[in-house]
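Undergrad: Sharing a structure here in structure tokens format.
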């Protein structure tokens, strides 16, 4: 993170002409288990990672917000918080920031303007929530600068609202919530219905290894929407608000009445919810053998029932599983049709996992992977006062 801090400080001073007063960060995240459960009112188990979005900031006495984006060549966006805050077609990055500020104002928070320089190293397009980290770090920045009475959960909800309503992208609450509330050496069990969170301790030295297949994700939006509709149809047939409310026993009694495809989709969600709750118990007990079994079952369910994995992802999972055996777990993470796998790996095996994948994956698929070795880290907060 030290490079990021240096970059935002330097760009702040160069572009805005004086020194910032505060450094604030918010992390990206990876979901260890609980896939496609969020919009079914279910459970997820993400952790925050040591890839962050970092801000250098200072408050202004007037109503102007000026933002410098280090990652877009020190491009500047400027707006007045007393005027209508509008969507910028030609500056997509700026809309996340504008949306967060607009939503904070709509929620009744009072503050003046600010100068902000922002940079991040959360890989974009890898499904590690670079956009949520940006939304959360901006909310956190206004909290810090103006001592706002806002909870971490509300910073997360405000970021989700900005993405849904201002940016115009539908997302659940998981990404913002873990970025806002993460804890070092812990995952977070999130109930997507009640928004209750529970910190779940992880074995301290465990590495969280994320491997991007770099398989271009085709069809992902249309297939995602289809899966969502199939889940909603199943919930209607069971007469419940969401599949969260269906037990596997109820499912088995009624399975013959369901369309075969809808049945497979519903079975994934129902069993995945149970797995996620059990995974939190296994992780807390530091039972990596059971955690590994649950992650393997999750992957098989995504592959066979939800049908969202691809050959490249299945290949990566098998390669990693051969190395870690019962000492950790591995599965696809994210929306599917490409993207990343996540593995919980004992430190002694990290190099072997990397070496195996580097030696075999490209030969098997023709694609070159990207490997990120992470730890579970703290959520958003103040890094330093300058």
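Yeah, the Cβs are placed from backbone N, Cα and C, and that goes for glycine too.
So Swiss-Prot lists these for the protein:
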type	residues	note
ACT_SITE	175	active site, proton acceptor
BINDING	35, 36, 37, 38, 224	substrate binding site
BINDING	69, 125, 126, 127, 128, 129, 130, 131	ATP binding site
BINDING	131, 163	Mg(2+) binding site
SITE	29	site 'Transition state stabilizer'
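Could you give the neighbours, burial and distances for every feature on this list?
TA: Using a 10 Å radius centred on the Cβ of residue 175 (active site, proton acceptor) and all shown protein chains, the other Cβ atoms total 28. Taken residue by residue with DSSP, residue 175 (active site, proton acceptor) is part of a helix.
The 10 Å shell around the Cβ of residue 36 (substrate binding site) contains 25 further Cβ atoms across the protein chains shown.
According to DSSP, residue 128 (ATP binding site) is assigned to coil rather than to any helix or strand. Over all protein chains present, the Cβ of residue 128 (ATP binding site) has 27 other Cβ atoms lying within 10 Å.
Taking the Cβ of residue 163 (Mg(2+) binding site) as reference, residues of its chain lying under 8 Å away and at least six apart in sequence are, in sequence order, 96, 99, 131, 132, 135, 169, 171, 176. Taken residue by residue with DSSP, residue 163 (Mg(2+) binding site) is part of a helix.
When other Cβ atoms within 10 Å of the Cβ of residue 29 (site 'Transition state stabilizer') are tallied across all protein chains shown, the result is 31. Reduced to three states, the DSSP call for residue 29 (site 'Transition state stabilizer') is strand.
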Undergrad: What is the number of other Cβ atoms found within 10 Å of the Cβ of residue 127 (ATP binding site)?
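TA: Taking all protein chains shown, residue 127 (ATP binding site) has 24 Cβ neighbours within 10 Å.
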Undergrad: Going by DSSP, give the three-state secondary structure for residue 37 (substrate binding site).
TA: coil
Undergrad: Determine the C-alpha span of the ATP site listed in the record, that is the greatest distance between any two of 69, 125, 126, 127, 128, 129, 130, 131, in Å to the nearest whole number.
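TA: Between the most distant Cα atoms of the ATP site, 21 Å.
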Undergrad: Cβ within 8 Å of the substrate site centroid (35, 36, 37, 38, 224 excluded): which residues?
TA: 34, 39, 40, 172, 227, 269, 272, 335
Undergrad: Checking the contact step here: among the binding-site residues 125, 127, 128, which have a Cα within 10 Å of the Cα of residue 224 (substrate binding site)?
TA: none
Undergrad: Please identify, among the recorded positions 35, 36, 37, 38, 175, the one with the smallest Cα-Cα distance to residue 69 (ATP binding site).
TA: 175
